[in-house]
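Here's what TrEMBL has on this protein:
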- 507, 510, 547, 550: Zn(2+) 1 binding site (BINDING)
- 516, 519, 534, 537: Zn(2+) 2 binding site (BINDING)
- 279-445: domain 'Helicase ATP-binding' (DOMAIN)
- 542-696: domain 'Helicase C-terminal' (DOMAIN)
Ligand SMILES: Nc1ncnc2c1ncn2[C@@H]1O[C@H](COP(=O)(O)OP(=O)(O)OP(=O)(O)O)[C@@H](O)[C@H]1O
Ligand SMILES: [Zn+2]
Ligand SMILES: [Zn+2]
């Protein structure tokens, strides 16, 4: 008897194991490890992944697999092992790990229906509902509000049964193709028999007579300037044959990518490339930290390393943060490697993403450029993994499974014996510290390309501006410099940090800030409908005309959204033409690209935007970058806020003066003396690194200590706190004395969607038992998680401490 080992699609502690199923004979010759299957599970029918096979089982009463969902495996043997490893290292379920590795389109859908077993129901309403039919969808019952207990009763009487269905979401795009069917001789004959009046038809016959390859039906209609009806008789008469062919959806439309060729490398680029190529040639597995200032030519090093990997017949994965997966970035890879590149990011539709993934699965591409989840690309012969902007916090998945892409990359690189490149102008402290200890290999590129110097950074002290009577959001210096650029026909990038700096509403008389009644965070003012909205839940309310607490009418919105900045610029500098880039203006597909193209064509002098313009952009005429409020990041309740401020300021400044023209930067702040601003001003990465490391050491933060964050949430705040307290006590008992436990405390975001949140933090150096203890705690609480809506999140490498 052949047995399949299956992980089932039920994310819960009790089902987080491997189940045995019999492989029925009729499936035996098709079935392979890594395929999706449909299996019975209790009374239900669900999807599962085959992760192994065997000839025997310890379980007595096994059920057979019902059906296969794939004709070729969706998981490679390597990915199955990787999935198990991810589940273990993030404390998540197997099923969650596997699903995170595959495109959304491969998730199963479920629905139930009711099948009639008796001719007549005792319950007359059921007779009416079924109306002679043998099967109806349960949705129909729910729609009319039918009492499910009555179904249960009829089921007990044996009158009906509930049937479970597993459906699929993936769809394949097809096009109609036309192929010549007759031989040349037959066609000549056919043509001769056509009446002289059928002029158009003769023309089409002539056209198809010389077709050797199939073409799309659409192409035929276009080239012949004709219609379906005119071609129809030719199909009927068997001159041509029409058939459906599957094609990949093409997210790039008809866009042509201009071919680029390897540039002769600068010395610093050569020095970086040499050891990488050496590793490629010898199949050595090193982790490189490519620390290169903005504009130092890191991308060219990536491109030439990939080229070498491809020459060796290998594949490459390039990870880019979601927000910098700009058309510019995609162009650079498509331009060099053309159709060998698949692109995966969230701006693609589900179908497009599925198709890009299938190009990898079908071994039709050699390179993947993508956001976080592209690390799971099903390549089988990886030669190189690159993580660009490795410091980006979006590389950490903040949902089950909470993996960091760097860990997965390093794991896969060990399996494939290949190098990893972590590139950044501002590596994380964790990464750089490892490079200093020679765990990773450090490659430095301290100079910009094109002999460009780093732009000079000026600090505008906004407190002084206020004292001098300037109440606007722009310092005098920034306004003057913007005017200068406009006069000279140069361009400006203005950056507004979105997080912590949205439009909140405050009373000038009493200081009251309007907050969400469900989430305890400030509401955001939306000008268009004059509404206050919460960014965590669905809550919205009208903008009040007077303060709810002191009735004063000087209630105003504060802080700034990009929209408000845009209006303010236009008020101060009427001749400025502004392109605004934020979530609102880039929602539509292709909008992002269009706006950047407009800026590139100099249809505007100012590009104003949020995080999405902080990286990757390379425009020769940008000579001024303005940071409107450097403080907003500094004041978040997070030990990494200084590091993030330093990184962001460095990145944004890097957008100026990248080519011949010299650049300048103006940073506006209320705390100019803060070290992260001062070091950013000097471009002093190593100074910042030393200072920040000493603070991390003093306060026992990473990279000196590891951290685990446990967040408990419940509708009842007392319950949430109580559970957090018990967990803290359990941990205290089981962890070593050297570890530190902080908590229970309310989370910085105390309430989200009407759930109260408490947390407890572990700081430790060495704690080999930790995972086991946490697993036991989770399974102890499992019944309460299932029944009373308790939630426990464990993050073994937290990046969001809110
Ligand atoms: N060897 C070279 N010769 C000439 N120009 C080069 C060379 N390498 C890179 N460049 C050019 O220098 C500019 C900066 O390079 P690139 O964008 O790769 O830098 P980067 O380090 O990736 O920057 P950032 O971190 O800011 O994204 C680009 O316009 C690029 O085309
Ligand atoms: Zn008030
Ligand atoms: Zn809310």
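Counting starts with 1 at the first residue shown.
Here the Cβ of each residue, glycine as well, is placed from N, Cα and C on the backbone.
Annotations in TrEMBL come from automatic prediction, not curation.
When the alpha carbons of residue 516 (Zn(2+) 2 binding site) and residue 550 (Zn(2+) 1 binding site) are compared, the span between them is 18 angstrom. Sparsest Cβ environment among the binding-site residues 507, 516, 534, 547, 550 (other Cβ atoms counted within 10 Å): 550. With a CB cut-off of under 6 A applied against ligand 3, the binding-site residues 507, 516, 550 are reduced to 516. Residue 516 (Zn(2+) 2 binding site) falls within neither a helix nor a strand when secondary structure is assigned with DSSP, and so counts as coil. DSSP assigns residue 507 (Zn(2+) 1 binding site) to a strand in the three-state reduction.
Residue 534 (Zn(2+) 2 binding site) sits 18 Å from residue 547 (Zn(2+) 1 binding site), taking the Cα positions as reference.
For ligand 2, the nearby binding-site residues are 507, 547, 550; that is, of 507, 516, 534, 547, 550, these have a C-beta under 6 Å from one of its atoms. Classification of residue 547 (Zn(2+) 1 binding site) by DSSP places it in coil, neither helical nor stranded.
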